[in-house]
Amino acid sequence: MTFRHCVAVDLGASSGRVMLARYDSKHRTLTLREIHRFVNCLQKTDGFDTWDIDSLEKDIRLGLKKVCNEGILIDSIGIDTWGVDYVLLDKQGQRVGLPVSYRDNRTTGIMSQALVQIGKSEIYRRSGIQFLPFNTIYQLRALTKQQPELTAQVAHALLMPDYFSYRLTGEMNWEYTNATTTQLVNINTDDWDDTLLAWTGAKKGWFGRPSHPGNVIGDWICPQGNRIPVVAVASHDTASAVIASPLANKHSAYLSSGTWSLMGFESKMPYTTDEALAANITNEGGAEGRYRVLKNIMGLWLLQRVLKERRITDLPALIAQTEALPACRFLINPNDDRFINPDDMRAEIQAACRETDQPVPVSDAELARCIFDSLALLYADILHELANLRGEKFTQLHIVGGGCQNALLNQLCADACGIRVMAGPVEASTLGNIGIQLMTLDELNNVDDFRQVVSANYDLTTYIPNPDSEIARHVAQFQPKRQTKELCA
């Protein structure tokens, strides 16, 4: 067969897309077309910040039907989403309540309990995963302690992409790359850790053994009656994005830039040393047995919130105004947990500057400048930290995802990090999703083979560091501006 048609369902924390890929195996050309785009946003339910997954499922099915109605024979479907959040099911496979978002405050103080009762080094030794207050381990503990009446009804817990695959196929699956984000998978066995799971109060029977990317979960029956395989792709969106990052060699790092920024490198072995623990490095699962050694950064969430609060719709115009402002006048620590979900992001940023005796950003452009400069400096700090961890410097940084379209931030990143930046592809998560599908269909050999296809089909933009820029001169003296209770503990 010369042509393959694969559908990627890519759900982010603010929007979702159903994308159609067309792959010409003879010429190794790959094209993407957006079929359906929809909004994903939080809603308040019984005092909790929850996801409207019934609406999301409706949009997923609508997008799939649009493809089928075009007369296209779909070869496979894959679903990727953000990590850590889950859906509860009863014995009949029906949903128990709505899934609570990781941004809900129900986990406040829970991680501190775990550090005392289990021990930080013991949790890290078992999981190899960074300490974030909203990890699934702490969400489940909050659930079992705060809502025991709900817990009694639960028979299964599915992570978000696994839930939507279940709704399409009727088959349950627990995909490995996303499962590792829970901080509940044992890094040595690739299975759920009994000790960590027991601490949450959840039952091990809620979960099946994690499966690695590439297996067929089941079939979705389209309106025309065709049975279409649903593939377990690397269902954590960052895992998919890394698959599509055209990393040149072992000296290349990646930055998946979107609502979250995730900076790291690929490794065939995990890093779980005391140094890695002190730096709060995570070892999330990747495809083909590789590890995504990385750190989480709050990312463009801060900007997204400012845009929403200020009702700004012309982002290019705002960036142009921002570029004209001097650098490094307003600096914050983007990873301060005060920015996870404040009532007013603009006011929170201003308060952080005021508390550190800095000028206070007032205009929208000043707020954006504060966010961009602060992110670039944090990128530089973390890249240096990652290089020290592995004992070898990086020579190139690949920025992928929606954030790679921000030329100003890309250049600031290159200047602050002091290395060449390659930006693109934008649709990295979708492409990585498609890549695993094509491997499952025996159209491609492995991840490296797929990266060659990506490099041949998608243009990258190069940013050369300017050592004389304001932000480059500032790097050496950058420190978070006050003692913060950080997101990355």
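A Cβ is built for glycine as well, from the same backbone N, Cα and C atoms used for every other residue.
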Record-annotated substrate site (Swiss-Prot): member among N173, N296, N333 besides G83, H236, D237, T238: N296
ATP binding, same site as A13, S14, S15, G16, R17, Q304, G402 - Swiss-Prot member from T259, T356, T440, T461: T259
Candidate cysteine (C222, C328, C353) that Swiss-Prot pairs with C68 in a disulfide: C222
Span of A13, S14, S15, G16, R17, T259, Q304, G402 around ATP - largest C-alpha separation, Å: 18
Nonlocal neighbours by CB distance (under 8 Å) for R17 (ATP binding site), same chain, sequence gap 6 or more: A8, V9, D10, E34, I35, H36, R37, F38, G63, T430
Collapsed DSSP category at T259 (ATP binding site): coil
Cβ-Cβ distance under 8 Å to C370 (disulfide bond), same chain, at least six residues away: R329, F330, L331, I332, I349, C353, P361
All-chain count of other Cβ atoms within 10 Å of C68 (disulfide bond): 18
Of the binding-site residues listed as S15, G16, G83, the one whose CA lies nearest the CA of C222 (disulfide bond): G16
Sparsest Cβ surroundings (other CB atoms within 10 Å) among the binding-site residues G16, G83, G402: G402
